[in-house]
Amino acid sequence: MAASVLNTLLRRLPMLSLFRGAHRVQVPLQTLCTKPPSEEDSLSPVPISPYKDEPWKYLESEEYQERYGSRPVWADYRRNHKGGVPPQRTRKTCIRGNKVAGNPCPICRDHKLHVDFRNVKLLEQFVCAHTGIIFHSLYTGVCVKQHKRLTQAIQKARDHGLLIYHIPQVEPRDRDFSISHGAVSATPPAPTLISGDPWYPWYNWKQPPERELSRLRRLYQGHLREESGPPPESMPKMPPTAPAEASFTGQTDPQSAL
């Protein structure tokens, strides 16, 4: 029994010595009192653009010409996505606080570009020159936030008369816009109505053959009163009856039937 207790103490002796050695380490008070740097301080802030008040001057500078040239700012941009099929909408925003997402959109990647209704040269790059339609965000690659700002700035620039678009005039073709076509002109009357013939040919009177007439005479001998000629040109018109007389006759007919 005593041997087992002694072995247990010998096993725990090195652990106790290490624990005591750890307490003997001196830690300076300065390291314990200083605050750890916050995430906002550790991250580099977004640089401030010198063209914030006058953003149109950046598009006239040599720096812009060296970087973009005569092409739009979104010409060389390629979206970064997972898989072979790109998502059907761009990201909501590229900058959240001081954090800039990887591969930001063409507007967010250059801090000197500012969406403003007075920056006409920048807005013209996102509008079709032929139709005046704003390019879709999937075509230009800008995020949803910047696309919304672009749409508002373009509409405001049009209201102020700064941004206009020209639609070329196309001369209409005579064949497409002619009013002499049969489908758009007055319908002429049928030739049969002009000549006085009936609309359908089987309504016209035709003299039956003499052989057929002789057969019918033999068949209905003694029952035929007289031979009828061609039908009259116009049927006799019946005199119109007054509504009161018609209602009176309609009421008296059932009584007479009884």
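All residue numbers here begin at 1 and follow the chain in the order shown.
Here the Cβ of each residue, glycine as well, is placed from N, Cα and C on the backbone.
Annotated range for region 'Disordered' in Swiss-Prot, selecting from 54-94, 218-258: 218-258.
Using a 10 Å radius centred on the Cβ of S49 (phosphoserine) and all shown protein chains, the other Cβ atoms total 14.
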